[in-house]
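Chemist: Per TrEMBL, the feature Fe cation binding site maps to His72, His74, His122.
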Amino acid sequence: MFAVPDNTIAIAERPALQHPVRAALAFAADRELWRNLLRYDPDQRFAALIARDGQQEVWLMSWLPGQTTFSHDHGHATGAFTVVTGDLVERVTRRAPGGRVLTEHHELTAGQSRVFGPGYTHEVRNEGPDPAVSVHVYRDGTRTVRPSGLG
Ligand SMILES: [Fe+2]
């Protein structure tokens, strides 16, 4: 047994070590940070920047029924998103060994999250009858959105 050196305890939390889902959940829970930013736009999916620092960007998005993204990836960014209210459906597309394209569907309700990394291709849609709100964290890059060649 040995004494723990002072400089190894009570080190301030390093945001870069916080999993992006934890970051998304923390921002989702702190509604005072984004309550005044929230809008619903019938013409296009709404997005507003909540926070940006050297580590990450955090975006608020709202989804009216039927609003959707196109199939896209986020370049070199990693991150996560969390559903705050409503329901969203995520369609993930990836190429299997051998070249076959595989598609997965994930039905997400409030409190559920998804993680993404470089090359992750997805499309997100509000297929429910009610508006939905989500919080998105992007790291190692900004909120890059690139159309996907996978479809
Ligand atoms: Fe995305």
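Going from the start of the chain as shown, residues are counted 1 onward.
Using N, Cα and C of the backbone, Cβ positions are placed for all residues, glycine too.
Mind running through what each feature is packed against?
Modeler: Here His74 (Fe cation binding site) comes close to Phe116, Pro118, Tyr120, Tyr138, Gly141, Arg143, Thr144, Val145, Arg146: these same-chain residues lie at least six apart in sequence, with C-beta atoms under 8 angstroms from its C-beta.
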Chemist: Using the Cβ centroid of His72, His74, His122 as the reference point for the Fe cation site, which residues of the same chain not in that list have Cβ within 8 Å?
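Modeler: Once His72, His74, His122 are set aside, the remaining close residues are Thr69, Ser71, Asp73, Phe116, Tyr120, Thr121, Glu123, Val145, Arg146, Ser148.
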Chemist: Looking only at His72, His122, which of these binding-site residues has the biggest number of Cβ atoms within 10 Å around its Cβ?
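Modeler: Of the binding-site residues His72, His122, the most buried by Cβ count within 10 Å is His122.
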Chemist: By the DSSP assignment reduced to helix, strand and coil, which category contains His74 (Fe cation binding site)?
Modeler: coil
